[in-house]
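Asker: To start, I am sharing the structure in question, which I have written as structure tokens.
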């Protein structure tokens, strides 16, 4: 198998196969109800205790170690990347661009000298796009990018501790989760800097123009302020959340980071594949579709036109122009491609079903009252039954989402059709699965969500959507590019809800296992590259990992309280 350029050191090659706002206190009645539900769910109990006491029961979010929650936004933490079917040795030999001032200048708005680190063992998020391109150049015809949105090293560690019931690692790749432990093919591990080129820009959505770009910050990573690795961070450093004005390195959003992963450029927060000068970048997936007849698929458990899935294929000066981003994804005229619409992707599966909005000035003058993420008229226009190119399947009352999706995917595969699936519950996402696999989220900085039996049954899981996408994409003769986004890790971390966050990581893990099993079953490791990473981090600090381990071992609420 061809050797590929690596993103980082810290290799773990393998051989033998083996299969911010402070949360309000809840009412006494709500507390009592929560305690009743928590008797058999210790991780939920820990989360609820954190909210009720506003104390760091398992840890804290933000710089204030005395409070459960003082920060619910992104951070500049280094994030993990895991590869399967390819290694990172060539990139490692070349070295990090953060160790090379001349190479660093090749990126937009190159950082000042504080980012130069001659011994850097981390690389840049844009290198993930180059890694995918290098894989294709080396003969790989299946590229699968699994993005656990918002999953920094600390989040992955918390999930691994809960799953195994023990504190098994303090540094490095880790163990306990499938993407940490899987050795059925060659694999590698590294770290990425995620900083964006600019914090914001003034844009004209209707004209699709960038009017001005913020000059207050630039991209970069200062190892003296952030730490050499996530397990050697400077505790309480405001730098990692963008609060150190002496080193204003931009904390990324999911639009700029998604653009980096998919197009390989640095840009401003809010941009979907649009550079600082307003020019449109062509994501790698579109290049492969245009030049090599690759099929393209996107799967997500949050709205289909949210930043990360949109960055896989679309262009827009604003991530908030959801309806136009969806039009790019399904090949309809959009604000960014009015006269020459994009071809559209072959598989689009995700959430956003039922999300009605009467008006939205952020989406420009062509916003249509209706579904804010993918308008009903657009859905009808691309439906096979109306002369379109997509077999459309949606959440429907009384119908199993898993079965409906499976039937639609099989029909699309049999008839060489495109597949579009729209599901979800209130809020625009699939139901949150918590750490114990249930669907009963505890409170966090926002109110707890409550799901009906229909919400669970009428929606597929992320793993089931992944399986459906692969069923269609495997029909491609020339190859395919697939993004799978685990968007609810980010949503859970924004909410400072570790129970939800661990459950979201497990949802991503289940999708990962589906991918790996598919590659095995199709004997495709000689031409398949699987990359697992995050687009950015948050700021969870694990003060008491031992109580998370105890919860994972099934300790009761009383035992946890004593601990």
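Cβ atoms are placed via backbone N, Cα and C, with glycine included.
The shown structure was predicted, so the numbers you read here are calculated from the model rather than taken from an experiment.
The feature signal peptide is assigned by TrEMBL to 1-16. The region 'Disordered' feature in TrEMBL is assigned to 19-42. Feature annotation from TrEMBL assigns compositional bias 'Basic and acidic residues' to 28-42. The Mg(2+) binding site annotation in TrEMBL covers 306, 308, 485. What TrEMBL records for 490, 494, 535, 536 is Zn(2+) binding site.
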Asker: Cα within 10 Å of residue 308 (Mg(2+) binding site): which of the binding-site residues 490, 494, 535 qualify?
Answerer: 535
Asker: List the same-chain residues at least 6 positions away in sequence whose Cβ sits under 8 Å from the Cβ of residue 535 (Zn(2+) binding site), in sequence order, or say none.
Answerer: 79, 125, 147, 149, 150, 194, 252, 254, 257, 258, 261, 308
Asker: Compile a sequence-ordered list of residues in the same chain as residue 536 (Zn(2+) binding site), six or more apart from it, whose Cβ lies below 8 A from its Cβ; state 'none' when nothing qualifies.
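Answerer: Sequence-distant Cβ neighbours: 74, 75, 77, 79, 149, 150, 152, 194, 251, 252, 253, 254, 257.
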Asker: Taking the Cα atoms as reference points, how far is residue 490 (Zn(2+) binding site) from residue 306 (Mg(2+) binding site) in Å?
Answerer: 12
Asker: Hey, how far is residue 306 (Mg(2+) binding site) from residue 494 (Zn(2+) binding site), Cα to Cα, in Å?
Answerer: 15
Asker: Would you pick out, from the binding-site residues 306, 494, the residue whose Cβ has the largest number of other Cβ atoms within 10 Å?
Answerer: 306
Asker: Counting across all protein chains present, how many other Cβ atoms fall within 10 Å of the Cβ of residue 490 (Zn(2+) binding site)?
Answerer: 29
Asker: Name, in the order they occur in the sequence, the residues of the same chain whose CB lies under 8 A from the CB of residue 485 (Mg(2+) binding site) and which sit 6 or more residues away.
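Answerer: Non-local contacts for residue 485 (Mg(2+) binding site): 147, 149, 298, 299, 300, 301, 302, 308, 309.
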Asker: Return the count of C-beta atoms lying within 10 angstroms of the C-beta of residue 308 (Mg(2+) binding site), excluding that atom itself.
Answerer: 27
